[in-house]
Amino acid sequence: MIELLGWVPFLPFLGFLILAIAGERLSRRLIPWIGAGSVGISALLTALIGAQFLKGAMPPYRLALGSWMAVDNLSVPFGFYLDPLSMTMLFVVTGVGFLIHVYSAEFMESDPGYARFFAYMNLFVSAMLVLVLADNLVLLYLGWEGVGLGSYLLIGFWYEDPNNGYAARKAFVMTRAGDTSMAIGLFLLFTQLHTFDIQSVMTQATNLWTPGTVLPVAAAALLLGGAVGKSAQLPLQSWLPDAMAGPTPVSALIHAATMVTAGVYLIARTHALFMLAPSVQFAVAVIGAVTLLMAGCSALAQTDIKRILAYSTISQIGYMFLALGVGAWSAAIFHLLTHAFFKALLFLAAGAVILCFHHEHNIFRMGGLRKSMPLAFLSFMIGSAALSGLPFTSGYYSKHEILLAAFEVSPVLWTAGCLGALITGIYSFRLVFVAFFGPQHAQVEKSPGWRMSAPLLLLCILALAGAMLEIPLASVFSALAADENLHELNTVSAITVAAPFIGVLIAGLFYLTGAFSTQRLESLVWIRQIQRFFFSGWGMDAFYNILLVRPFKTIARLNKNDAVDSIYSATAFLSLMFHRLFSSLQTGQVRWYASSMVLGTIVIIAIGWLS
Amino acid sequence: MNGIPLELGLVLSAVLFVLGLIGVMVRRNLIMILMSLEVMLNATGLAFIVAGSRWGQADGQIMFLLILTLAAAEVGVGLGLALQIFHRFQTLDADSVNEMQG
């Protein structure tokens with residue numbers, strides 16, 4: 001069964017090809033079968049491979065499919081590498097991806113670009129699978145750029161609105177900034193270690209380099225740049241909230257469950273390198289902690305349901321970075337897994353609310369959806385509970401593990417994490433209380449059908465019980481197994497558990513019981529200013545606007561006539577001039593021609609005479 | 001045939017040639033242009049004959065025969081063209097049959 005590994009990324013690619021070539025000519029009943037079916041079979045294959053793989057002794061499995069390029073001493077094979085880490089990612093990508101595809105079959109049903117949507121989604125899933133399965137860094141980079149392309153296409157899916165196109169370009173350009181850094185990192189690794197194979201890079205790096213020297217620090221920092229861009233961490237995080245311009249299933253699949261966690265996967269995959277660069281690893285933790293606080297605060301001030309979730313995604317990936325930074329590798333991957341479940345659940349439920357509610361995004365215009373949309377309410381309750389890390393949900397176990405591991409390294413990081421958990425509790429239940437409780441402001445148009453309900457129910461179960469999926473990652477991160485044996489820290493543990501509860505309580509006091517009024521708070525000027533600051537995502541957009549966008553536009557305006565191009569336009573201009581000159585000589589006057597010939601002859605004779 | 005010096009014959013042919021050339025350049029009637037061309041051809045023929053007689057060689061007269069044939073062919077083609085032009089444009093003015101737009 002495991003030999004069929006190559007089909008797992010290939011099937012969605014096949015689906016993409018069929019949908020891209022046949023496109024809207026296919027019957028609309030067939031399109032979701034191809035789109036969701038290809039991912040479904042992949043998911044089934046993954047489940048079978050996983051069952052076989054996890055049952056055995058789990059030696060890493062390599063599948064060589066052929067050579068991609070081989071020049072001199074550089075050879076890049078098409079090879080897949082399966083170990084518990086990529087197995088986990090496979091489960092997430094195909095499993096959650098399949099549920100989201102089924103959901104999209106109904107969500108996008110009335111869209112004219114139905115086939116195009118599924119083609120892009122399949123392309124994305126295929127690229128993501130290549131990314132997680134790749135056994136060498138170049139193939140990983142191929143998948144990495146492939147998901148970037150898929151993300152760009154899907155954010156700008158409704159391209160008629162120029163704002164969506166702008167959001168897509170923003171996401172593409174900002175992640176590209178990170179990707180460039182990552183590419184340089186890959187070149188550095190290759191020039192130093194003469195191989196692209198991830199496992200040999202890691203072993204060679206461990207053998208050749210002493211920890212903390214320039215080379216591993218530079219390589220790790222450059223790879224971190226790529227991870228930061230893709231995973232929307234500080235300072236490249238501001239593209240993700242705008243990426244919500246895409247259809248909601250896209251936000252669920254790409255900008256919550258899979259693609260944005262690629263950075264976490266990359267760091268976990270190359271963790272040996274990061275262990276050689278303790279300063280960079282600490283920077284990962286600090287980036288994670290700062291990002292999770294900043295994004296949490298921003299989520300507090302948002303009113304758009306999808307933007308709240310987007311900021312919460314940034315914040316949760318911040319937790320994963322924090323875990324990576326403190327060396328709790330498997331906790332990070334564990335949180336990635338549970339986060340994929342509950343964030344996909346939240347986004348899909350938000351999509352159901354938006355679809356059934358006149359395409360309304362503002363939570364303050366919803367209200368009282370508890371009774372009219374019971375399934376969405378249930379999904380949101382479970383999703384938010386898991387997001388805030390309330391006990392007995394999947395999010396609790398993963399987040400708890402991260403926070404305790406953070407305390408081992410630095411109480412400051414732990415404090416930041418706990419504060420973040422508190423904020424998470426506030427904003428996630430603020431959303432629930434505002435949108436689902438209180439008086440209802442408008443009527444619900446329709447209720448979701450089975451293709452939307454079934455994925456929601458399944459994800460509800462996964463978000464609750466996902467923590468029971470024990471992925472034996474110890475074999476991947478064996479070097480660190482000892483570090484993760486956590487001591488009993490009763491007070492710390494208690495505070496960690498209590499933090500989200502306090503957050504929920506605060507949200508309840510403000511938005512449910514009305515014991516505190518937000519209007520009273522907003523009447524204070526400085527609170528309003530802070531709120532506006534948070535709403536704008538800590539002014540990152542304005543910052544980049546001044547730092548990059550405006551200078552670029554100025555240069556573009558100055559160079560409107562393109563200095564380099566003037567050489568070529570001068571050539572064209574001269575040709576045109578000569579053309580005019582010579583064609584004006586062609587008068588069609590026979591006598592004029594004869595006279596010219598006479599004149600020419602006289603000149604030639606004169607030259608011969610005089611010389 | 002020694003009476004006429006070579007220079008005089010050559011000057012005559014040159015004068016004839018230039019007259020023909022001026023005719024080609026100045027005249028607007030196609031028939032007149034063709035006639036001027038004939039004059040130019042005959043001027044060259046005269047030059048050949050004068051030169052041939054000066055050195056007592058037959059080559060000059062052979063050359064003249066060749067030019068004569070050439071002139072006959074040229075007149076045949078030229079008059080045919082003139083006829084067609086007259087059919088199409090109802091005129092023989094070389095300037096007004098210009099159809100080029102360049």
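Using N, Cα and C of the backbone, Cβ positions are placed for all residues, glycine too.
With a cut-off of 8 Å between Cβ atoms, the residues of this chain six or more beyond the transmembrane segment (A:6-23) that come close are 31, 34-35, 37-39, 41-42, 45-46, 49, 63, 65, 80, 90, 94, 115-116, 118-120, 122-123, 125-126, 129-130, 133. According to TrEMBL, the transmembrane segment annotation covers A:6-23 (among others).
Here TrEMBL flags A:30-54 (among others) as transmembrane segment.
What TrEMBL lists as domain 'NADH-Ubiquinone oxidoreductase (complex I) chain 5 N-terminal' is A:68-118. On the 0 to 100 pLDDT scale, the domain 'NADH-Ubiquinone oxidoreductase (complex I) chain 5 N-terminal' (A:68-118) averages 86 in the predicted structure.
Here TrEMBL flags A:85-105 (among others) as transmembrane segment.
Among the features that TrEMBL reports, transmembrane segment is placed at A:117-134 (among others).
Taken from TrEMBL, the feature domain 'NADH:quinone oxidoreductase/Mrp antiporter transmembrane' applies to A:134-424.
Residues of the same chain lying 6 or more positions beyond the ends of the transmembrane segment (A:140-159) and with a Cβ under 8 Å from any Cβ of it are 113, 116-117, 120-121, 123-124, 126-134, 165, 167-169, 171-172, 175-176, 179, 182-183, 186, 198, 226, 230, 243, 245-247, 250, 254-255, 258-259, 262, 266, 269. Per TrEMBL, the feature transmembrane segment maps to A:140-159 (among others).
As annotated by TrEMBL, transmembrane segment applies to A:208-229 (among others).
Annotated transmembrane segment per TrEMBL: A:280-301 (among others), in sequence order. With a cut-off of 8 Å between Cβ atoms, the residues of this chain six or more beyond the transmembrane segment (A:280-301) that come close are 217, 220-221, 224, 228, 233-234, 237, 241, 267, 274, 307-308, 311-312, 314-327, 406, 409-410, 413, 416-417, 419-420, 423-424, 426-427, 430, 531-532, 534-535, 537-538.
Per TrEMBL, transmembrane segment is recorded for A:308-334 (among others).
Remote same-chain partners of the transmembrane segment (A:340-360), defined as residues 6 or more beyond its termini with a Cβ less than 8 Å from a stretch Cβ, comprise 92, 96, 99-100, 103, 107, 247-249, 251-253, 256-258, 261, 305-306, 309, 312-313, 316, 366, 369, 373, 375-376, 379-380, 382-384, 386-387, 393-395, 435, 442, 444-448, 452, 455-456, 459-460, 462-463, 466. According to TrEMBL, the transmembrane segment annotation covers A:340-360 (among others).
What TrEMBL records for A:412-436 (among others) is transmembrane segment.
As annotated by TrEMBL, transmembrane segment applies to A:456-480 (among others).
What TrEMBL lists as transmembrane segment is A:492-512 (among others). Long-range neighbours of the transmembrane segment (A:492-512) within the same chain, counting only residues 6 or more positions beyond its ends whose Cβ lies under 8 Å from a Cβ of the stretch, are 388-391, 396, 400, 403-404, 407, 414, 418-419, 421-430, 433-434, 437, 518.
Looking at A:30-54, A:85-105, A:208-229, A:308-334, the range that has the most CB pairs within less than 8 A of the transmembrane segment (A:412-436) turns out to be A:308-334.
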